[in-house]
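Novice: Take this structure, written in C-alpha cells, and hold onto it; I'll ask about it next.
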Amino acid sequence: MAHRCLLLWSRGGCRRGLPPLLVPRGCLGPDRRPCLRTLYQYATVQTASSRRSLLRDVIAAYQRFCSRPPKGFEKYFPNGKNGKKASEPKEAVGEKKEPQPSGPQPSGGAGGGGGKRRGKKEDSHWWSRFQKGDFPWDDKDFRMYFLWTALFWGGVMIYFVFKSSGREITWKDFVNNYLSKGVVDRLEVVNKRFVRVTFTPGKTPVDGQYVWFNIGSVDTFERNLETLQQELGIEGENRVPVVYIAESDGSFLLSMLPTVLIIAFLLYTIRRGPAGIGRTGRGMGGLFSVGETTAKVLKDEIDVKFKDVAGCEEAKLEIMEFVNFLKNPKQYQDLGAKIPKGAILTGPPGTGKTLLAKATAGEANVPFITVSGSEFLEMFVGVGPARVRDLFALARKNAPCILFIDEIDAVGRKRGRGNFGGQSEQENTLNQLLVEMDGFNTTTNVVILAGTNRPDILDPALLRPGRFDRQIFIGPPDIKGRASIFKVHLRPLKLDSALEKDKLARKLASLTPGFSGADVANVCNEAALIAARHLSDAINEKHFEQAIERVIGGLEKKTQVLQPEEKKTVAYHEAGHAVAGWYLEHADPLLKVSIIPRGKGLGYAQYLPKEQYLYTKEQLLDRMCMTLGGRVSEEIFFGRITTGAQDDLRKVTQSAYAQIVQFGMNEKVGQISFDLPRQGDMVLEKPYSEATARMIDDEVRILISDAYRRTVALLTEKKADVEKVALLLLEKEVLDKNDMVQLLGPRPFTEKSTYEEFVEGTGSLDEDTSLPEGLQDWNKEREKEEKKEKEKEEPLNEKVVS
C-alpha cells in the first residue's frame, strides 16, 4: 500500500508535499529531485510486482477450480477421489509394494453376507448410509447437520414461546377504554381475522403491550365501527383510519411440522421396510429391495458341532462326505466321479434335520448360506424368482460353499394344482429354482442341502438326480441312537454323584421307545426344571422318571376335583386296561398306572412297547383288546358305559382300518392296500368303489366286535383281579409294576425291560460311530497338509545330507 501512495504523490496526486518522515536523510535540501526520482522508481517496481502477484493468485485459483472433478466422476481424474494426491509421497525407485493379503475377508455375520455384499463404511456418504437404514452418528458432517437442524428448530420454538403476543380485549373494552377516550391512532386488520390497535404517540399503555380483538367478518366490523363513530360524534378527518395488512406469524411452520415428520417417517419406512431391518448395507431396503435374498451367510459363528449330533450316524456320514467333496475334490475326480449337486433331508419332525445342517455349518470351514423356503414368497409378483436368482448369485460369489434351504416344501410343492394367483407365483419360483439347480447356468462348487418332513408333496422334478442326487431319510432313533442322544444331552447337566452317565443314558433309552431327538432333549430339560423346582442340589433318577411321564402323559393335575363316583369309574377303567394287558401275550408290558389326571385324560397308564418294526395280526389284535379293556370293565362292574373311552375307541378304529385297508389282513377284502388320508387332508374321492367301501366298513365293525367279545370274556374271567387292582388304585392312586406283581403274580409271558435285553443279538451295546478310511480327515484339505509335511521334511533331509 505504501508504494502505491508514493506513486500517487510523485504523479502530483498529492498537493500537500512529501511527508518528512518518508524523505531519506540528507535529501531535505532545496534540490529534492534525485530523491524523488529514486522514490518514484521504487514505487513503480513495487506496483508492477503486486500486480503480477495478484494476477498469479487469480490464475492459480482458477486452475484449482477447473481441476476439481465433477461430483460422481472423481475416479476418472488423476487427482480425483481414487487418484494419488499431490501431497502423498511418491514411491522410491525400486521399492517393492507389499503384497495385499489374499485370505478370505471376515464375513459380516448372519445379517446377510456382511462385508461381502457392501462397501467400506468410511467411504460412504452419510446421506447414502441414512437412506440404507444406517444411522450415521459417527459421521462428523451428519453430527453438524443434526446439530444445526436441532438449533434451528429449537430457536423457532423459543421464538414462538417467548414472542410477545399482545393482550386480547373485547369489543366492549375497545369502545369504552380506547376509542371513546381518543387514544387510538389507527386500526390494523391482520389477515382478516383480528384487529390490532395502534395508539397515538404518548398514549401507549403502561405495560407496553399492544391490544387486539377478534372479528367475525370484515364487513360486520366496518359496519359496527362506522355506526360507533357516528354515535361518538367522530366526523371527517378525526375518524380512525383502518389499514388491512397480511402477516405471516410463522404458525404455518408448526402446522406443517407434523406433516413433514409423517412424510419423513413413511419414506424411511419404505426405504428400509420390514425386509431391510437388520440388513443394513444391502441396497435401499424395503420396497426397493424385495428382490434381494434374505439368506444369511454363516462362517465360524455356529457353536453346534458333529459331536453334538447323535442317533443318525448314517446321515452324518453322508453330510461329511459332501463337505469332503468341497475340501478334497481331487480324491473323487481322480476316479472320474462327479461332485453331487445336493441332498434332501427328510423325516418326521424333531429327528435332527436342521440340527445336522447347523453342525455342518459349524464344522464345514466353508461359507454356509441358510434360507427358509417361505422367505421366497411375498405379496409382490415376481419376488420369488428374483430372490432365487439373487440367492444363487450370492452362492456363486462365496463358492465353494454349502446352501441350505429349510422347509423346502413351502416352495417346492407339486405343480398343476390350479392356476390361482398364489399358486402361479409359487410355480414360477419353483421353476426358477429348478433352472438354477440344474440348467444352463449351473452352479459350480455349490452343494445344496434341503430339509422337509413332507417329501410326498414335493415336485418330482425337484427330487430327480442332478438336482438332489441323494435323499437322506432321518427317522426316529432306535434304542442305541436314543442312548447316544441322552449322552449328549446329559453332558451339561449336574447329575447326582451316585449316577453314572452311561448307565443312566441306557436306562432312559429303554424307557423312551419311539422318542425323537427333540423329545429326548425335552426330557433332559424337564428333569433339570423339576430338580430346580424342588431346590435339589443335583438331578437324580426320580426327576428323569417324572420328566418322562410329563412328556408322555402331560401335566399332572393333582388339584383337579373329581366326584367320588367319577373317581371310582376311572379306577375301574384303568384297572381294566392293566389286567387285560397283563394277561395278553402280545400286549405291551405295563410300567405304571395312575388315576391322577394328566393332560386331557382322567387316568394314565405307561407301557413299554417292544423295539420292533414288524407286527403280526395277533399282536395288533391283542393291542386292540387291551385298549378296549377300559370300556369293558365299566360295562362289567357298573352295567353302563361312559364317554371316557372315546380316545380308546378312536385308536381301535384306526388300527382296524389300517389292518384291512393298508396291510391286507382281511380275507374278505383281500390282499389289497390303499393309502389312508392324513389327518386334516381334504378327501375329494376315495380310491375304491362304494361297494368296496361298504365291505371295508362291515369288516371293520366285525373285527372290532370280535375284539370286544374277546376282551369281555377275558375280564369276566379275571373279574376278581380287576377289582383288586381298582381298589388299590383308589387307595394309592399310583401303582407301578412291583405293585401289580404283588397283586396278580408274575406275568405269564417273558418280557424285555432292560437296555441289555433290548440290544441283545445286535452286535454291540452302542451304535457304530467309526468313519470310513476316506473320511478320516474329512474336514481337512489334504493337499495343504501334504505341502506342510513336505516343508517340514525338507530341512530334516538337508541336515542329514550335511
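Cβ coordinates come from backbone N, Cα and C, glycine included.
Below are the features listed in Swiss-Prot for this protein:
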- GLU574: active site (ACT_SITE)
- VAL309, ALA310, THR351, GLY352, LYS353, THR354, LEU355, HIS489: ATP binding site (BINDING)
- 85-99: compositional bias 'Basic and acidic residues' (COMPBIAS)
- 778-802: compositional bias 'Basic and acidic residues' (COMPBIAS)
- LYS116: N6-succinyllysine (MOD_RES)
- 76-124: region 'Disordered' (REGION)
- 759-802: region 'Disordered' (REGION)
- 1-38: transit peptide (TRANSIT)
- 142-162: transmembrane segment (TRANSMEM)
- 250-270: transmembrane segment (TRANSMEM)
Novice: Three states by DSSP: which one describes THR351 (ATP binding site)?
Specialist: coil
Novice: For the ATP binding site, please report the maximum Cα-Cα distance among VAL309, ALA310, THR351, GLY352, LYS353, THR354, LEU355, HIS489 in Å.
Specialist: 17
Novice: Quick check on the binding-site residues THR351, THR354: which one has the highest count of other Cβ atoms within 10 Å of its Cβ?
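Specialist: Counting every other Cβ within 10 Å of each candidate, the maximum falls on THR351.
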Novice: Determine, to the nearest whole angstrom, how far the Cα atom of THR354 (ATP binding site) is from the Cα atom of the residue listed as 'active site'.
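Specialist: Given the Cα positions, THR354 (ATP binding site) is 40 Å from the residue listed as 'active site'.
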Novice: Round to the nearest Å and give the CA-to-CA distance linking LYS353 (ATP binding site) with the residue listed as 'active site'.
Specialist: 38
Novice: Sequence gap of 6 or more, C-beta under 8 Å: which same-chain residues meet both conditions with respect to ALA310 (ATP binding site)?
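Specialist: For ALA310 (ATP binding site), the qualifying residues are PRO477, GLY481, SER484, ILE485, LYS487, VAL488, GLY517, GLU767.
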Novice: VAL309 (ATP binding site) has how many other Cβ neighbours within 10 Å of its own Cβ?
Specialist: 24
Novice: Counting only other Cβ atoms and using a 10 Å cut-off, which of the binding-site residues LYS353, HIS489 scores lowest?
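Specialist: The binding-site residues LYS353, HIS489 were compared, and HIS489 has the fewest Cβ atoms within 10 Å.
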Novice: Neighbour count, 10 Å Cβ-Cβ cut-off, for GLU574 (active site): what number do you get?
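Specialist: Taking every protein chain into account, the count is 26.
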Novice: What same-chain residues, at least 6 away in sequence, bring their CB to under 8 Å of the CB of LEU355 (ATP binding site)?
Specialist: VAL304, ASP308, VAL309, GLY517
